[in-house]
Amino acid sequence: MPSMPEEPILTPTPDRFCMFPIQYPQIWEMYKKAEASFWTAEEVDLSQDNRDWENSLTNDERHFIKHVLAFFAASDGIVLENLSTRFMSDVQISEARAFYGFQIAIENIHSEMYSLLLDTYIKDNKERDHLFRAIETIPCVTKKAEWAMKWINGSQSFAERIVAFACVEGIFFSGSFCSIFWLKKRGLMPGLTFSNELISRDEGLHCDFACLIYSLLRTKLDEDRLKAIVCDAVEIEREFVCDALPCALVGMNRELMSQYIEFVADRLLAALGCAKVYGVSNPFDWMELISLQGKTNFFEKRVGEYQKASIMSSVHGNAAFNDDHVFKLDEDF
């Protein structure tokens, strides 16, 4: 059997202990983008959300939001475990480790934000504890968590694992993000929807980064294997947001949501250099106004472009960033 080619980004070298000179400008710019996008949970105003929660939402809508937040709160912990126990030790280049280090900080903020939202909305201690322990107590969350965890605990190749976690951040969050943006379109829950915009932008960048790292591997997955991982994630997400926790609870169409998940998967496949599988268009035109890069904002609030401008100005002009590795939802097919 022929030996596999060595992977430079996975091969230990003394250079990994020093940040400069930059060897991978695209990775460095991704890191600076992440740094420029830093935010904290204290910046999200939840004062109106309590009024909307009590007076403007139906019981079905409250049920949906509770369980979506329970999934989000649990999933960020899984992403954190993967970063700290696998990817940070797998990848041997300092620019990528800088990104992962910052991603760990941001995932902690996401986890804090989701936990704070549950703490704010759910007054009953027993119910709140049930939701905080969603991986153990809510079967549809358990199934998604088990799928993600098998890529942390298993012996799969790095290429398989990086694709799987691109699916976690690019597909497993897609239906829930979309449903919360639907509430934003209706002018409800401004704190929840503002934090959702910040978090979806962050996760879009994390997914972009996974695609970029994958593109640097010399040995990539064969197309059938790559598609199998992505399509498996699509089926699990479809079951979650169309059946187990149906988006109909917030007034969204099941068939269109299923198509939207397929659309997101095709975008991810393209970003990974693979042919699309589903060949569908985005059924939610209003989502095109909110790409996963956070390009716009429906209302008067800041965010979309919320970032530290001085940080990004320091990298433009000296870091070659290639849009081929950007995973977004506002492009034509």
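Cβ coordinates come from backbone N, Cα and C, glycine included.
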In Swiss-Prot, the Fe cation 2 site includes GLU169, GLU203, HIS206. Which of GLU61, GLU81, GLU95, GLU107 does it also list there?
-> GLU107
Residue in ASP49, ASP52, ASP60, ASP76 which Swiss-Prot records at the Fe cation 1 site where GLU107, HIS110 also bind | ASP76
Determine, to the nearest whole angstrom, how far the Cα atom of GLU169 (Fe cation 2 binding site) is from the Cα atom of TYR114 (active site).
-> 16
Rounded to the nearest Å - Cα separation of ASP76 (Fe cation 1 binding site) and GLU203 (Fe cation 2 binding site) = 10
Students should find that the Cα atoms of GLU107 (Fe cation 1 binding site) and HIS206 (Fe cation 2 binding site) sit apart, in Å rounded to an integer, by 10
Sort out the sequence-distant neighbours of HIS110 (Fe cation 1 binding site) for me: same chain, 6+ apart, CB within less than 8 Å of its CB, listed by position.
-> PHE72, ASP76, ILE199, ASP202
